[in-house]
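Straight from Swiss-Prot, the features:
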- His45, His47, His62, His119: Cu cation binding site (BINDING)
- Cys56-Cys145: disulfide bond (DISULFID)
- His62, His70, His79, Asp82: Zn(2+) binding site (BINDING)
Amino acid sequence: MVVKAVCVINGDAKGTVFFEQESSETPVKVSGEVCGLAKGLHGFHVHEFGDNTNGCMSSGPHFNPYGKEHGAPVDENRHLGDLGNIEATGDCPTKVSITDSRITLFGADSIIGRTVVVHADADDLGKGGHELSKSTGNAGARIGCGVIGIAKV
């Protein structure tokens, strides 16, 4: 059973991101476009809560149900919500194209109802040596976010 979801990002960064998963055993395909980003890499994460009542700040930390350290999407030791970076050319829109085998749209660990956050700076993937590297990737301010909702299949 295919599950689809969508996230409308608002803030200084704006855009729409789509999620699709064919079954609980297959990767999630993430695609979309974001505008309002400076040229360079920008951290792109799923945060724990679908609460945007205080803007992006109320979305909580990265979605991390297994108590792991922050890491790269390819790392075994990573938050489930660690989707790495998107790269902006400085022109609108920035394309989002990610395939991830760790996030899911099914079951207790589903990202549906949680928040996508776009950050001002590059995610150092937990390898930057900064005091925030192992928790946030030192990705800077939260410049855009939106709640992931179920979409029509």
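Each residue, glycine too, has its Cβ placed from N, Cα and C.
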Note to self: Roughly how many Å lie between the Cα atoms of His62 (Cu cation binding site) and His79 (Zn(2+) binding site), rounded to a whole value?
What the structure shows: 7
Check: Does anything in the same chain, at least 6 positions from His79 (Zn(2+) binding site), have a Cβ under 8 Å from its Cβ, and if so what?
Finding: His45, His62, Phe63, Asn64, Lys68, Glu69, His70, Gly71
Item checked: C-alpha spacing of His47 (Cu cation binding site) relative to Asp82 (Zn(2+) binding site), in angstrom -> 9
Checklist line | Additional residues surrounding Zn(2+), by Cβ distance to the His62, His70, His79, Asp82 centre under 8 Å | finding: His45, Phe63, Asn64, Lys68, Glu69, Gly71, Arg78, Leu80, Gly81, Gly126, Ser135, Thr136, Gly137
Next item on the list: Give me the Cα-Cα distance between His47 (Cu cation binding site) and Cys56 (disulfide bond), rounded to a whole Å.
Entry: 9
Checklist line | Cα-to-Cα gap, Cys145 (disulfide bond) vs His119 (Cu cation binding site), nearest whole Å | finding: 9
Checklist line | Inter-residue Cα distance where the pair is His119 (Cu cation binding site) and Cys56 (disulfide bond), in Å | finding: 10
Next item on the list: Excluding His45, His47, His62, His119, please set out which residues of the same chain place their CB within 8 Å of the center of the CB atoms of the Cu cation site, keeping sequence order.
Entry: Gly43, Phe44, Val46, Ser59, Pro61, Phe63, Gly81, Asp82, Val117, Thr136, Ala139, Arg142
Notebook entry, point to check: Non-local Cβ contacts of His119 (Cu cation binding site) (under 8 Å, 6 or more apart, same chain)?
Noted result: His42, Gly43, Phe44, His45, Ala139, Gly140, Ala141, Arg142, Ile143
